[in-house]
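Listed features, source Swiss-Prot:
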ACT_SITE  Cys132  active site
ACT_SITE  Asp179  active site
ACT_SITE  His212  active site
MOD_RES   Ala2  N-acetylalanine
MOD_RES   Lys36  N6-acetyllysine
MOD_RES   Ser223  phosphoserine
Amino acid sequence: MANEAYPCPCDIGHRLEYGGLGREVQVEHIKAYVTKSPVDAGKAVIVIQDIFGWQLPNTRYIADMISGNGYTTIVPDFFVGQEPWDPSGDWSIFPEWLKTRNAQKIDREISAILKYLKQQCHAQKIGIVGFCWGGTAVHHLMMKYSEFRAGVSVYGIVKDSEDIYNLKNPTLFIFAENDVVIPLKDVSLLTQKLKEHCKVEYQIKTFSGQTHGFVHRKREDCSPADKPYIDEARRNLIEWLNKYM
C-alpha cells in the first residue's frame, strides 16, 4: 500500500497533447466523453479515470484506442464535478481529498452509465477498464456487477481484505514491477487469494522495470526500453476484452 508520507505518489507523467475523437455528453448528473465505435457491434466499454480526472487527454486517448477496436467507449466524470487531483498539490492533504472520492462508492454513477449505454448506444455487452483510482474501482465493480462481461484493472491499489477474490466475471490485472504505490507484496497477496478462491477466469501480469502509470501516461516514444512494455500492456488489454466480450 502507499505510504503515509507520500500516500499516492502518482506522477502525471507525459500529458499527451490530444484532442480526441469523441464528444462530451451529459448523462443524467454526470458529464462524460463518448466515442462511438466505427462498427456497431453492440459492445461498449466504460473507461474509469485516474486521480487526474476524466478530462486527462491520456485517458481519452486510451478510450479512443479501445473504440477503434470495435467498442463504443465512455469516460464518465466519476468525481461528479469535484476537482481532480492537482499534480503540483500538497500530497500531505491527499488522504483527506480522497475521502470525498471513494472508488467503491460510484454505484449511482454506474447505474446511470449502464442505462445510457443500453438505451442510447444499444450496448448488449459491456466491459470496464480503469487506471490507478479507476483500477481500484474496476476490481470493486467486477465483484459486484455480473453484467460486466470483462474487466481490466490497471495498477489499481489492492485492498487487504478477505473478499478481494470474489470476481463475477473474467478480470485482467496489470501491475508494474517498480510501482511505489503498489508494492509487489500486495500483488502477491492478490495472486494468492485469487488462486485459492476465485472461480472465474483471471490473469495477473506484472511488467518488468515499469512504474505506476506506464500504460496510459507515457508517450509511446518516451523510451525505447519502455515502448515494448507499453505496447504489450495495451495489446493485452484489447485482447482480454475481445476474448470475453
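Sequential numbering from 1, following the chain as shown.
Yeah, the Cβs are placed from backbone N, Cα and C, and that goes for glycine too.
Recorded features from Swiss-Prot, shown on the structure.
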{"residue": "Lys36", "record": "N6-acetyllysine", "CB count, 10 Å": "16"}
{"residue": "Cys132", "record": "active site", "CB count, 10 Å": "28"}
{"residue": "Asp179", "record": "active site", "CB count, 10 Å": "22"}
{"residue": "His212", "record": "active site", "CB count, 10 Å": "25"}
{"residue": "Ser223", "record": "phosphoserine", "CB count, 10 Å": "13"}
As a whole number of Å, the Cα atom of Asp179 (active site) is distant from the Cα atom of His212 (active site) by 5
For Lys36 (N6-acetyllysine) and Cys132 (active site), what Cα-Cα distance in Å is obtained after rounding to a whole number? 25
Given Cys132 (active site) and His212 (active site), what distance in Å do their CA atoms have, once rounded to a whole number? 8
Roughly how many angstrom lie between the C-alpha atoms of Ser223 (phosphoserine) and His212 (active site)? 15
